[in-house]
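Below: the structure, in structure tokens.
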Amino acid sequence: MNAKDQAQLPRYRRWPSRLWRAASGFAAAVKDYAVRVFEKADDDNIFVLASGLTFSVLVAAVPFLFIIVALISLTLERAAQSAGIEPIEQLRRYLDVIVPFIGRGGAGRSLPEEVIESVLARGQAIGIISFGAFLWFSTRLFGSIRAVLREVFDLRQSRGIVQGKIFDAEMVLVSSVLLILNIGITVVFNLAKAQSFEFLGLSQTHIGILEAIYAQVTAFAFIFLLFLLLYKYVPARRIPWRMAVAAAVFTAVCFELLKLAFTLYLTQLANFRSIYGGIATLVIVVIWLYYLAIVFVLGAEVAQVHELRRVRRHQMEVLE
């Protein structure tokens, strides 16, 4: 049936063909996206890039916790105790969001709790002593992220060795301060939330449902903002906000799906302790961070393909 015949049909009989064309166009666009992302990820050696990021995270993780706990003890602890809230507990929750451990350690504690307790046991002095080492090791982390995003976004600009190290050190300090501010705002907001629930007179069932929804929303928002800031400000050349948002949305959604799948795998299928024994937790951490690094790089690949398609479409419109 040609277009003229379709135009003569009643409106309700045109909808099936319109829906079919829309579905076909959407399927073709998804296929084109998938093919282009796969080809670009292969050209960029996505698994090699993810391996480098994983190693950098492992190198900088423990010193980062030392500094964060020390900064919390210096800035938030006194005010938090007077208000009856616990910023260290909020840090534990953030770590549980990033590293979704199901298995528990000694005395029923998760790995994030064990790490934080070991840091607290050593006191503020270790945080101060490790500051220089953390600053140096974490520059490797941000340097690796810069190199990865430069490769994926096809950027020619580079900050150089000295300027790059200075920038990475600045990013370490800024990210630490932002995390402390985020923890402070969150614990205050949690206090206000608890008082609001009490004022409204909600039952424990309703409070449990609302708290579960609140925990999921805040966890997703935290992950989304984390990825958004990394994609936007770490590259040597600032990318458009639309690219950063597209990459952050894709990565945050894939992060949640990966966390769910990884959790189900650990609880239902895998038995790492029977194979790796006492180092099972470390093995799980490395595997999780590696897959998370793949998702991070893949999010940048998707944003780059999306931008290239937009530019190509704009060029075709100009030529027409």
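For all residues, glycine too, the Cβ spot is worked out from N, Cα and C.
The annotation transmembrane segment is assigned in TrEMBL to 46-72 (among others).
Annotated transmembrane segment per TrEMBL: 125-149 (among others), in sequence order.
According to TrEMBL, the feature transmembrane segment maps to 170-192 (among others).
Summarising the annotation, TrEMBL assigns transmembrane segment to 212-231 (among others). Tertiary neighbourhood of the transmembrane segment (212-231): same-chain residues 94, 97-98, 145, 149, 175, 178, 182, 186, 193, 239, 243-245, 247-249, 251-252, 255-256, 296, 299-300, 303, selected by CB-CB distance under 8 Å and a gap of 6+ residues from either end.
The transmembrane segment feature in TrEMBL is assigned to 243-266 (among others). Beyond the transmembrane segment (243-266), the same-chain residues lying 6 or more positions past its ends with a Cβ under 8 Å from any Cβ of the stretch are 100, 102-103, 153, 220, 223-225, 227-228, 231-232, 272, 284, 288, 291-292, 295-296, 298-300, 302-304, 306-307.
If you look up TrEMBL, you'll see 278-303 (among others) marked as transmembrane segment.
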